[in-house]
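Participant: Can you read through this structure? Questions will come right after.
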Amino acid sequence: MNPLQLLQPLPAEVKGTKLLAHWDSGATITCIPESFLEDEQPIKQTLIKTIHGEKQQNVYYLTFKVKGRKVEAEVIASPYEYILLSPTDVPWLTQQPLQLTILVPLQEYQDRILNKTALPEEQKQQLKALFTKYDNLWQHWENQVGHRKIRPHNIATGDYPPRPQKQYPINPKAKPSIQIVIDDLLKQGVLTPQNSTMNTPVYPVPKPDGRWRMVLDYREVNKTIPLTAAQNQHSAGILATIVRQKYKTTLDLANGFWAHPITPDSYWLTAFTWQGKQYCWTRLPQGFLNSPALFTADAVDLLKEVPNVQVYVDDIYLSHDNPHEHIQQLEKVFQILLQAGYVVSLKKSEIGQRTVEFLGFNITKEGRGLTDTFKTKLLNVTPPKDLKQLQSILGLLNFARNFIPNFAELVQTLYNLIASSKGKYIEWTEDNTKQLNKVIEALNTASNLEERLPDQRLVIKVNTSPSAGYVRYYNESGKKPIMYLNYVFSKAELKFSMLEKLLTTMHKALIKAMDLAMGQEILVYSPIVSMTKIQKTPLPERKALPIRWITWMTYLEDPRIQFHYDKTLPELKHIPDVYTSSIPPLKHPSQYEGVFCTDGSAIKSPDPTKSNNAGMGIVHAIYNPEYKILNQWSIPLGHHTAQMAEIAAVEFACKKALKVPGPVLVITDSFYVAESANKELPYWKSNGFVNNKKEPLKHISKWKSIAECLSIKPDITIQHEKGHQPINTSIHTEGNALADKLATQGSYVVNCNTKKPNLDAELDQLLQGNNVKGYPKQYTYYLEDGKVKVSRPEGVKIIPPQSDRQKIVLQAHNLAHTGREATLLKIANLYWWPNMRKDVVKQLGRCKQCLITNASNKTSGPILRPDRPQKPFDKFFIDYIGPLPPSQGYLYVLVIVDGMTGFTWLYPTKAPSTSATVKSLNVLTSIAIPKVIHSDQGAAFTSSTFAEWAKERGIHLEFSTPYHPQSSGKVERKNSDIKRLLTKLLVGRPTKWYDLLPVVQLALNNTYSPVLKYTPHQLLFGIDSNTPFANQDTLDLTREEELSLLQEIRASLYQPSTPPASSRSWSPVVGQLVQERVARPASLRPRWHKPSTVLEVLNPRTVVILDHLGNNRTVSIDNLKPTSHQNGTTNDTATMDHLEQNEQSS
């Protein structure tokens, strides 16, 4: 605009009122007549300087129009009747043509697009006209930035501000490119010179064209920034749902993040230093945590009304079958983007083509494939020189992992190099180069994948080989796969049976299938003839943990999944394994300075109190070149197993090998010991010598000693050699046979120590003929074989010393954890002493295994019946039913029951979330707000959001005790009624329940209660609803008669008294020892936790205990039992069941 024209009044509009505006070159903030700001809330205060002095004034954020163009700016109140405009709020009034550093060849890009487009000639000419019409939309200069006309984003930090970071050393070659970017952004107001307490380092990244991209390392800032709830959809999900029609277009928004303004209060967080001067961003910077989500949300919202459009960050995709429609919708997109203030780069855009590149893939009408650009990158890959280059190559390959069936196996050896790397160095071999080329060749020849059709069921074909699982996904009518999935089994999974490996693969396949199913059923085809029969797999054949089996079996109950047998699938087992052995080739024994042959043996111990007696044998020999024995040892080990003897023998040999200069070979005939030492020992050493259950290894001290020897002397080789072979079977047969003989000799050596009888004072007095209390005089007492015996009518019995009696009881009881009488009979076969029954009862009451396993012989008191609320809407009971079979996208039903009347409301939801609960309750609370809401302790009801919602409305939240549905009996009974009624109405069509919810709600609310003799509708409204079998007399009553009848009905409701307690019931008291029931005990696991103390009695049926984890918990006594022998039971964990100890430690 001519500067003289700025002196003229400008037409403006505020809140629908037209008035005049004046451009003021000296104004730093726009002034609006104060009458327009009376209803606005100030966002801050600022100091305003005028010719009359300085004054603090409120600042508002207002939207208004100048010359028909929308302006959003910070404003202050003015006593005048016109607007005073600040030049910074309307820069377009004096806008000059943009002049930046590098001009892009726009005409060349437009010609390329017109030449490549598949549009007919008529639409091609229309496209050419659009290029001219929307010239302001295209990027004319590199680093050109749009200006999104929205309220500026405010970057909020957490409790602590980020720490300023030092600038990295910058490559001198990058400085010219970065300086151009900074100069261009300063001209457009994207950057502003400003000092800040924060600093983020600049990290230039080279581009393929030789220039450098300006990137800032905002990791320190991002640590303090709360992540926004709305995040971008995964690219795989977008590719599965985009519309693939004949004509396709992709548009690239240039520098989209930099188009979004941020508030001045956020500038300081974005600061960086360049050439000794600090700059701050006035727009969303790249690298900021929430930039992609904020930008994408805005772009999606802008284009939501345009059909067949998909947005992913700065990439826009649209497709149509009709060329005329495609051009029409394309112009609509151009118009929206121009009005919004974005800039489009035609360099990367493709318009009206049959095949386009989107999210790194070639998008065709049938599916997607790898682009030529990606394949060229693969061909240019060279062997890596360090760990960083290897990780970069694997990242590139991983992008296309779903295009070949055995990708994970092919790259397994390359991933192993990362684990074995030493710092940044890797051991790259010629075999690795061949394997890398094999992967690249497979990807370059990979076929296109089919698109996922949302109206068809998803088909999964699953199979496995000994080392990996294979999965293919199809549309039900499709011939090409949607994608491949390959899973290499872990070290633990390699030990599974083939059935368990197949179930592991199926589990991995179904996790991915839940995203691909898009609400449709999933058909799983596998070599398993009957999935129901695998539940009967015997426990000895199960090598996986029980928790895995529980997870696998849950899929059988999922109504969305159907399992089928496909006899053609076993052919997949013939896919060759990609396996590289890590065991070095064997050397001849003459190449070692010493050879140790080891063996361990165990026999049944001659001592009846012990089970085994072990020994080990070691032979030290040398081949020089003839076999010569240097030394040999036969060592008894006492009460140990043969496995422990094998490990001890190898440990002994390793310690002796430390004194031998040069390489040493240790031979063992135990495959377990050799495999563990060569393959498992490095992992055990790294994880602290614990197994998969996080328990210490058996014989941990021996393994630690072996690991220490191998670290001190790495040239010790431990090798397995099969034992008990004929002479001359192998070069080590003679040494193995001698070691076995020495081990057997050691196992036959028994150390026998003669013990004197240990008699206490009581038995000593008895043998001296004195009368001792509890010992009948008529029997004869004597000493024989060091033991005191008594002749009784049932035979001769041993009287053990008092110190041994507890051990005898525990030994007899622990054999099978028998009850009182069975244990007493077992002991009475050999022993007798006074009060033997009393001692047995006392010791059994202290057995932790029985305490946490046996059922309670006490019953809890009678159920407390809570008082019925005095009037409707006083108390609501709420709960979720589900998951149900999917019906119109819904899986759950929120059930709300009025406590006084039993009136029920049903709300379908997609998930049992807090937001769904609040949304449903908001509808109901528009009628009346309850005083109390009772629920279980589900996540949807215990979140802080739900608590805040209830607090705002004065609602008290009440929760039932865990694992005690009786506390929410009213809603639980309604749940069972709803499920039963839905099942009856939906026979043969379980996915149609959504349409029947109103019918179910009407039926429940008009069903008579056998106890109360009224329906919930009558209790709430006083009359029948207009339904069949309704009492027609009540429908014609006046309102006064309705209220009178309703009062009579409610007054007639009586509160049934609490039933009397049974003779076996118990009542809790403070300080009492009780045991809590395990919520969902697995097979062969304890049913009760260890004893806990009652801290507080809330009511006769609810207490607060100090649970087994040390936390205070509210529990119903239905889930408790009193501990036997309150005074004689300790609460320490020394004798606690080892299973529970493991659970606590994990």
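In case you wondered, yes, glycine gets a Cβ from its N, Cα and C as well.
When I checked Swiss-Prot for this same protein, it listed these features:
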- 198-363: domain 'Reverse transcriptase' (DOMAIN)
- ASP252, ASP314, ASP315: Mg(2+) 1 binding site (BINDING)
- ASP599, GLU646, ASP669, ASP740: Mg(2+) 2 binding site (BINDING)
- ASP874, ASP936: Mg(2+) 3 binding site (BINDING)
- 1114-1134: compositional bias 'Polar residues' (COMPBIAS)
- 1135-1146: compositional bias 'Basic and acidic residues' (COMPBIAS)
Participant: Using only C-alpha positions, which one of ASP315, ASP599, GLU646, ASP740 is spatially nearest ASP874 (Mg(2+) 3 binding site)? These are the binding-site residues in the record.
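Facilitator: Of all the candidates listed, ASP315 is nearest in space.
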Participant: When the pLDDT values for the domain 'Reverse transcriptase' (198-363) are averaged, what is the result?
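Facilitator: Per the prediction, mean pLDDT sits at 86 for the domain 'Reverse transcriptase' (198-363).
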Participant: Which secondary structure state does DSSP assign to ASP314 (Mg(2+) 1 binding site), in the simple three-class scheme?
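Facilitator: Where ASP314 (Mg(2+) 1 binding site) sits, the three-state DSSP reduction gives coil.
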Participant: Using the recorded Mg(2+) 1 site (ASP252, ASP314, ASP315) as reference, state which further residues of the same chain have their Cβ within 8 Å of the centre of those residues' Cβ atoms, listed in sequence order.
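Facilitator: My list of surrounding residues reads THR250, LEU251, LEU253, GLY256, TYR312, VAL313, ILE316, SER345, LYS348.
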Participant: Let me check the 10 A CB neighbour count of GLU646 (Mg(2+) 2 binding site). How many other CB atoms are there?
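Facilitator: Step by step: centre on the Cβ of GLU646 (Mg(2+) 2 binding site), count other Cβ atoms within 10 Å, giving 27.
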Participant: Please list, in sequence order, the residues in the chain of ASP599 (Mg(2+) 2 binding site) that are at least six apart in sequence and whose C-beta is under 8 Å away from its C-beta.
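Facilitator: Non-local contacts for ASP599 (Mg(2+) 2 binding site): MET616, GLY617, GLU646, ALA649, THR668, ASP669, GLY723, ASN736, ALA739, ASP740, LEU742, ALA743.
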Participant: Inside 10 Å of the Cβ of ASP874 (Mg(2+) 3 binding site), count up the other Cβ atoms and send me the figure.
Facilitator: 15
Participant: List the other residues in this chain whose Cβ sits within 8 Å of the Cβ centroid of the Mg(2+) 2 site residues ASP599, GLU646, ASP669, ASP740, in sequence order.
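Facilitator: Leaving out the recorded residues gives THR598, GLY600, SER601, GLY617, ALA649, THR668, SER670, GLY723, ASN736, ALA739, ALA743.
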Participant: What residue among the binding-site residues ASP252, ASP936 has the most other CB atoms lying within 10 A of its CB?
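Facilitator: Its Cβ has the most other Cβ atoms within 10 Å: ASP936.
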Participant: Quick check: in three-state DSSP terms, what is ASP874 (Mg(2+) 3 binding site)?
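Facilitator: The residue in question, ASP874 (Mg(2+) 3 binding site), is coil (DSSP, three-state).
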Participant: Would you mind reading off the Cα separation of ASP315 (Mg(2+) 1 binding site) from ASP936 (Mg(2+) 3 binding site), to the nearest angstrom?
Facilitator: 46
Participant: For ASP314 (Mg(2+) 1 binding site), just count the other CB atoms lying within 10 A of its CB, please.
Facilitator: 21
